[in-house]
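Undergrad: According to TrEMBL, the record shows the following:
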type     : residues : note
TRANSMEM : 5-25     : transmembrane segment
TRANSMEM : 229-250  : transmembrane segment
TRANSMEM : 329-349  : transmembrane segment
TRANSMEM : 355-377  : transmembrane segment
TRANSMEM : 397-415  : transmembrane segment
TRANSMEM : 427-445  : transmembrane segment
TRANSMEM : 481-505  : transmembrane segment
TRANSMEM : 568-589  : transmembrane segment
TRANSMEM : 601-620  : transmembrane segment
TRANSMEM : 632-654  : transmembrane segment
TRANSMEM : 674-693  : transmembrane segment
TRANSMEM : 699-719  : transmembrane segment
């Protein structure tokens, strides 16, 4: 009955959308799970009545020019004046719209403030009267690495003011030249709703405090203090920390059990038997009646038989045999992804890096890939223990791969079904490709004896190594590696092929080894080489019509060719990240003591992070192989894999080792991750998930957090109703 109600509600909501074309909710921001990237022009064609609402959330770049009267520098007269020459397309918006450049000669009082939107600041460039001649103004986005200056204005003189309204999510370097000989350079780190004045003067001595050794001095003055946009973020973090502590305290005092007792006394009812959560004994064999979880969504073992068909069903899944730390880690990553997909409060830290580098938004999807490998080991071992044939397992792997890819493709068509231009790749398609390959390798190469510890299932390897020889001691310590030589060789071979193609194969007019975004990068030398050979392969196979049209490099670098962040060739290093997760699963399966598990997990985490940072020469966004989610470089896989090892280990300590926390509330979305992921995308712009709020960071932060809370509540209800999406 409950399932029918959900399906009927979904159909009704889609009918309402089609008839009235009404969207409730502010625009979803940049996402970590890139299947939420969509062509916003298609959305506006569907719902033109909402265009004005969307425009209010798009950051603009404005340039205004005002003539100054000769008698005063604080006011501007009403006389018509010649407009300064403007060079119109400075940088591009993240969406399809360009950041706007405009000119105006209307009178304005310098003391008046310009209305500013979210993440905007204004700066007035004022030229001293002693400067005779015309100045040229150039601006460079610092986040645009190796990019040229873009000319903003020419013929700027002492009787005019250059007013800039800029996006404060970026830092700028402004260069002002006089007759192509004298110049000054100033770095601009501006903050939201700040009003600044940049005074340009002539140096009276050779020794000045200017930012250059020229005869021009640029002095930045704050006329109106900016907002502190991080206060809402700090307050929100404190509230979440208090709630987390409250959950732990409630668990310790058994608050839930007390409420149940009070309810039963009040209503005089007999409570059902309660289940006690315990960590899954990963070394033990499951009974013959247990389900084959190779086809399960999360990979955790269960004791009751699940339906073999992919549908939403009422399934009794007791918590007694689930590894709660894995559910908690998965749920935490899913909630973080929902928060980022719902805008992340409008903070730049929760948006993807323009190209090289890494942000909070970049690490969420890698966590899921890592957990894919970890869960795969549990399900594969259980299937092998039950004697399931490899042919049957391969068939199930193929079916689940097709299902994941199909769901991802359908999600790509949820805004407008135009199969001639629909995006083919995406998060779930990438997930499907990675799962299909790594699961096939594991099924073909794995044997039951490989998962047996060399100490014959003794409780701890450290207590037996004294009696063993050196060779046996090494075999005992590294059995989770030594027992799987063929799998390691295949994965190393795949990543070697990827590196050889990346660094040795040129294409068209682009050099081998190019990892840049194209566009303005390196002064536009490789303008059409966005993504190097990785992007070229996608453009050849899928053509530009079926790729993502708004990559993260569009704003800062003005990259021109379409580039899909979930590209086909980048699946190879993503498979290596999944294999790191497989290594974590082997550690949990083959070693039973907490000490043995944690030592290995932390060691793998530290080594992976060190190698990942080493490949960038310690710079993260530089070196021979920068961290890059768009290309999914090997350094990115190693770095995020190391973070996954460490993050899961911390969860394991507080949840399964010391049992300080029962993973509430993250265990609920974590145990039903695929269903919650799909629902949060489909209903992203529906009430009560989101609605229009005032355009401030505090309001958008509250809306994003509410979206997380809403889907946690839904996941809790589904968990209590035993409704899970089984693939």
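Cβ coordinates are placed from backbone N, Cα and C, and glycine is handled just like the others.
Note that the structure is a prediction, hence the values are computed from the model and not measured.
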Undergrad: How about the transmembrane segment (355-377) and the transmembrane segment (674-693): at least 3 CB pairs under 8 Å, pairs 6 or more apart in sequence, or not?
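TA: These two stretches do not touch.
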Undergrad: Look over the recorded stretches 229-250, 427-445, 481-505, 632-654, 674-693 and say which has the most C-beta pairs under 8 A to the transmembrane segment (568-589).
TA: 632-654
Undergrad: So if I exclude everything within five residues of the ends of the transmembrane segment (601-620), which remaining residues of that chain have a CB under 8 angstroms from its CBs? That is, six or more out.
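TA: 356-358, 580, 583-584, 587, 626-627, 633-646, 648-649, 652.
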Undergrad: Is the transmembrane segment (427-445) in contact with the transmembrane segment (674-693), using at least 3 Cβ pairs under 8 Å (sequence separation of 6 or more) as the test?
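TA: Contact between the transmembrane segment (427-445) and the transmembrane segment (674-693): absent, because fewer than 3 Cβ pairs are under 8 Å.
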Undergrad: Any chance you could find the range in 229-250, 329-349, 427-445 with the most Cβ pairs under 8 Å to the transmembrane segment (481-505)?
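TA: Stretch with the highest Cβ contact count: 427-445.
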Undergrad: State the residues, same chain only, that lie 6 or more residues beyond the ends of the transmembrane segment (329-349) and have a CB under 8 A from a CB inside it; answer 'none' if no residue qualifies.
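TA: Counting only partners 6 or more residues beyond its ends, the transmembrane segment (329-349) has Cβ contacts under 8 Å with 26-33, 36, 118-119, 169, 229, 232-233, 236, 298, 359-361, 364-365, 367-368, 371, 647-648, 651, 663, 665-671, 673, 676-677, 680-681, 684, 690, 697, 700-701, 703-705, 707-708, 711-712, 715.
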